[in-house]
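Undergrad: This is the structure I have questions about; it appears just below.
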């Protein structure tokens, strides 16, 4: 099947939403004030925590987001199911916006620069970053012929590129926090919250999907303790539901059948 065909109905519908949102803000530029995430206006315009993710202000952004949604969605949606795929998009988009909002408010009180409060932030890049985490989960060792790297490094590469580009242009800095939080929220969702229909359990506790696997191996002894603390803060006891072998546990005993199913799914 060609990479340019076989797109799912849901992804086509979401692509129409992205394109429609871009057209709206081009025809009515004032709509950005109500639909994009502007921290100073989020209260009382709280809906922008949801709508911001679907509003692309530039033609480059809408083209990139639409292509990324169609191609990656064609891979992820059949494996997750349409309902779970849509749930992932909604949750990652919303939580990313919340984190960006909190970060902007915090930076304002640290620096007293009003630009953090009034800069409109929008775009689908947070969800796209979460999608890359999904690819890392399902085909980690698949080598991408175009980039000559394994799929598990795609989220880390996207983050690295975003950080590097942010040093050379002020405009891209507004996307950096979205990419960072989109990646992390995508991992949180898949690590602890995603429901597995075949096991009726949640998350992916395997060592191969630990947070430290986003970083070079020499940094992992430092990253693991920090990731464990953050996981317990955000997810409570969910971060303690896996043992060192990567299987589900209950009262210290591995649940039978979870590892073979997970291994089969990854293959």
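Backbone N, Cα and C define each Cβ position, glycine as well.
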Undergrad: Looking at 39-57, 58-76, which stretch does TrEMBL describe as transmembrane segment?
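TA: Spelled out, TrEMBL records transmembrane segment over residues 58-76, not the other listed ranges.
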Undergrad: Can you tell me which of 12-38, 88-110, 151-169, 175-193 gets the most C-beta pairs within less than 8 Å of the transmembrane segment (58-76)?
TA: 12-38
